[in-house]
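The annotation domain 'Glycoside hydrolase family 29 N-terminal' is assigned in TrEMBL to 14-347. What TrEMBL records for 363-438 is domain 'Alpha-L-fucosidase C-terminal'. Marked as signal peptide by TrEMBL: 1-19. TrEMBL lists C280 with the feature site 'May be important for catalysis'.
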Amino acid sequence: MKKLSLLIAGLVMSVSVFAQKNYLKEPAAAKNKRMQWWTDDTFGMFIHWGLYAVPAGEYNGKSGGAEWIMETHNIPTAEYEKYAAQFDPEKFDAKKWVAIAKSAGAKYIVITSKHHDGFSLWDSKVTKYDIMDATPFKRDILKELSEACKAAGIKFGLYHSIMDWHQPNANPKQKPDVKPDFNKYRDEYLKPQLAELIKKYDPTILWFDGEWIGEWTEEQGKDLYNYLRNLKPSLIINNRIGKARGGMEGMNKYQDAAGDFGTPEQEILKTNSQDYWESCMTINNNWGFAKYDHNWKSAQVLIDNLVDVAAKGGNYLLNVGPTAEGEIPAPSVERLGEMGKWLDVNKQAIYATKGLETYKQGDNIRFTKSNDGKTTYAIFNKADNNELVLTAVQPKDGSKVYMLGVNKPLEWTKSNGSVVVKLPAELPCKYAWTLKMQSSSDAK
Ligand code: FHN
């Protein structure tokens, strides 16, 4: 009898050890709890860095491509691999990069672990086409960056491309006479690399891309989502793990899709959304470093974008493309610093807030609300005659109205359905300003 009970116990144990939880059926309350830090943080720094920084958008005298340069200029794999021998970013300083993100007010970082070119920016046991074996640099960039993030209290996330131009089983162009076995790539390369990334660097976010290839399906995305959540249940994963996004608008075309948030790219949703979503954008026109691209967005545009995204209930993932020497371009650093100075004054209107149904008034006023619903913020980037007229959202009768960064309450009057707030003679910051109030719709 004793032997039989031991056998049954062992069987139950083995089943339970290997029983995979189905995270696709995660209750909304559990998802909201898991996503809370992400939605409160609102603002992240994207980093596109890899071998493509060596050519920096130029090949054989022709410009174009940046991180797509291998495809844009049809560079043969053996030719492109030569960039690895030149990739020796002596000025790379993870602590400095994290300090730049922190000075911008970014709360999380997402860096390309592997972009479409298939090069691994970490010490991978799955391939020799990585930073440790293929370059003279021989330092584990993701290890250094994940540790610097942890030390600075910045969450660490990883971008990972499903499309892989370097892997023969993922790229039919690699060996025309060999029929690629995509399942083999998925099961013996893609999944093992993701497992080692989770084990070695403990990312909080996995940001997939390159899902548009014909070999990838929503079903594979769902399987991968469950596989990864079972490896790390608290992981937050974007919707590009599956096939649901509708192009650059980025939101799911159907229900029950794999992934936790929508991914508008180079654009902001036209209106507010109760779904989880994050707009990713470049600071100039390219994700990877391009030596000729000096088309930097102004700090005003970047702050207006951040405010618009927050008012519509989203996150903003703003990209930098470091050089082959390991430096974030100075114009990016300068603009990120301006965003950080602005957030120092106005952060309580951006972090840990939620969008309102009435999220805007005209083109120059956006509204956000504190998570507890007790405080409303009106963020504006233009005012005439040193006063702001509020019609869409107004302070409760008799309540005080403050400007963030100014101690004394502001004078305001109400007539004919409009509230007129007298602005202080000296404004606390540049670019945009925030009124803090208890609006009539606020929770008691
Ligand atoms: O092809 C990529 C591109 O290189 C870049 O990584 C962006 C950023 O999300 N995503 C894809 C284009 O949609």
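The chain as shown is numbered from 1 upward.
Every residue gets a Cβ built from N, Cα and C, even glycine.
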**Report entry** Tally of DSSP helical, extended and coil residues in the domain 'Alpha-L-fucosidase C-terminal' (363-438)
**Finding:** 0 helix, 35 strand, 41 coil
Query - Residues near C280 (site 'May be important for catalysis') in space but at least six apart in sequence (CB under 8 A) - result: F46, T263, P264, E265, Q266, L317, L318, N319
Query raised in the report: Mean pLDDT over the domain 'Glycoside hydrolase family 29 N-terminal' (14-347): what is the value?
Result: 96
